[in-house]
Structures are given as C-alpha cells and as structure tokens.
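Trainee: This is the structure, below, for whatever I ask next.
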Amino acid sequence: MATISVPENVSVFLLDIEGTTTPITFVKDVLFPYIREHLEDYLSAHWEEDECKQDVHLLKKQAEEDLKQNRACPVHTVDQTVHTDEEKAIREVVDNVLWQMAADRKTTALKQLQGHMWRAAYAAGKIKGEVYQDVVPAIRRWRRHGLKVYIYSSGSIEAQKLLFGYSVEGDLLDLFDGHFDTNVGAKVESKSYERIAERIGCSPEDIMFLTDVTREAKAAEDAGLNVVVVVRPGNMELTEEERTHYKIVTTFSQLELTGRA
C-alpha cells in the first residue's frame, strides 16, 4: 500500500466526515431513517416543551417562506378522521419534515429539529456514531506529533459533536481542536477554506484537507491547502483524470509524517 508523505510544514489536519471518517451509509441508513421512524412519537412526547415549541415555530416560518416562494409542501388529502388540534398540528409538522427530507433540503429549521432528535437518541444509547477503524489511531498519532485536528462538515457542529461524542469507540471529542460547518461557507467554495485558515490562525498551506468529494478538494486546493482524496467503499467513483490529479488514500494509516521528532 503506497504511503503519502505529509509535507513538513503541515501543522493542521482538516477532516470531512461522511465518506472520510465515517461511512456514508451511517447518515443514509441510520440517522435519517431514525428521524422518519420516530418523528411523530418525538413530537407527541415533547410538544409542550420550550425547545420543541421553538423547533416547530422555525418550521412554520420556513413553511410560510416556502409558500411565498411557491415551494409549497404538497397539499395533502383532507384527513376525514377526527383529530384533536394538537394531533392535527403534529401531523402537519410531520408531513412538512418528511417532505423536506424527501427533497434533501438543508434548511436551518429542519437541521435544528433533527439535531435535537439525534441528541436524545445518542444520549439514550439508541444510536452510536460510526467511525472507520483506521481513524482514531491515526489522529492519536498526529496529535502525539503536535499536529492539530479540525472537522469541517456540512452537518451542524452539534450533529458532529454528537457523532464523535457518542461513537462506537466512546467519546472522541478530545481528539479535535475545533469544528466548522457551513456557517463558515459552503464546502465547494474556496473562500470557506481561506476563512477556516484565518480562524485557526495559520496559512492555508499549513493545512492538509481530507475529503472524499473532488469538488471540495478543488475548492480547498484553489485556496492553497494541501489536499488528499479519501477512497472508501460506497464513495463516489473517481474519474481517471481525478485519480491522476489528486493524492489518494484508502486508509488514514497511509499518511506518513516524515522528518518530525
């Protein structure tokens, strides 16, 4: 297995999650189905709580915005059964959330409710964050050599912390120096990576970014970062051109720290 030397000036690793530290299937086959299956029960159980009320308020505002933009939630057939007002209101929220999820939307209102549901599920031990076996030993090695490690994912910072805080390998949050999400900018825009370097307090060329998505790799490269593309089972196939252009690893253990104490 070919190794890749990490340039001596690199002092920071910036890691994507899905397809890099964690199987893509974890989000698709575990996290999202959990929401779909438990949504109605969760809303019924927490309906009167402030946090849930805020989540519902945000979702309603989003729905109003969508109506204005003509992106309306599909009109549902009139339910002839007799419901209490609360049951009817919960049904409307469920329909809206499922519609947004089916359309793969990333609205703040949707993310916030999902985050709160996942938090409860992780805390109750119903979900554990999946992490590839090569990830933790590699990060521990990098940290022993004095390197810093950050996460940059399109999932919210709260969702990231839950995944690593309640992982199959226990609480891994002490392995990371910080987290970034799309509040810093989209992952396919080079400006986002410039901002991250600024916030970390280093220059872009001091950072090595690991991702499975070549559009993100290109944006990071344009910003001056070192880039490695991670190929894992189930990730997008790379073109011949991409294989030639990018440094590629199939496991973190291929990254070699040379010339360091």
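Cβ atoms here come from the backbone N, Cα and C positions, even for glycine.
Annotation source TrEMBL lists Mg(2+) binding site at ASP16, GLU18, ASP212. Here TrEMBL flags SER153, SER154, LYS187 as substrate binding site.
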Trainee: Which are the residues of the chain, SER153, SER154, LYS187 excluded, whose CB is within 8 A of where the CB atoms of the substrate site average out, their centroid?
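Mentor: Neighbours found: ASP16, ILE17, GLU18, TYR152, GLY155, ASP181, THR182, GLU216.
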Trainee: Once near-sequence residues are set aside, which residues in the chain of GLU18 (Mg(2+) binding site), 6 or more away, have Cβ atoms under 8 Å from its Cβ?
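Mentor: Spatial neighbours, sequence-distant, of GLU18 (Mg(2+) binding site): ILE24, PHE26, VAL27, SER153, GLY155, ASP212.
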Trainee: If one looks at the chain holding LYS187 (substrate binding site), which residues at least 6 apart in sequence have a CB under 8 angstroms from its CB?
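Mentor: Looking at Cβ-Cβ distances below 8 Å from LYS187 (substrate binding site), excluding near sequence neighbours, one finds ASP16, TYR152, SER154, THR211, VAL213, ARG215, GLU216, ALA219.
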Trainee: Within 10 Å of each Cβ, count the other Cβ atoms and name the one among the binding-site residues SER153, SER154 with the highest count.
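Mentor: Counting every other Cβ within 10 Å of each candidate, the maximum falls on SER153.
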Trainee: Please report the number of other Cβ atoms within 10 Å of the Cβ of ASP16 (Mg(2+) binding site).
Mentor: 22
Trainee: Within 8 Å of the centroid of the Cβ atoms of ASP16, GLU18, ASP212, which other residues of that chain place their own Cβ, given that this set defines the recorded Mg(2+) site?
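Mentor: So the additional residues around the site are ILE17, GLY19, THR20, THR21, THR22, ILE24, SER153, THR211, VAL213, GLU216, VAL230, ASN235.
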Trainee: Starting from the Cβ of ASP212 (Mg(2+) binding site), draw a 10 Å sphere and report how many other Cβ atoms land inside it.
Mentor: 20
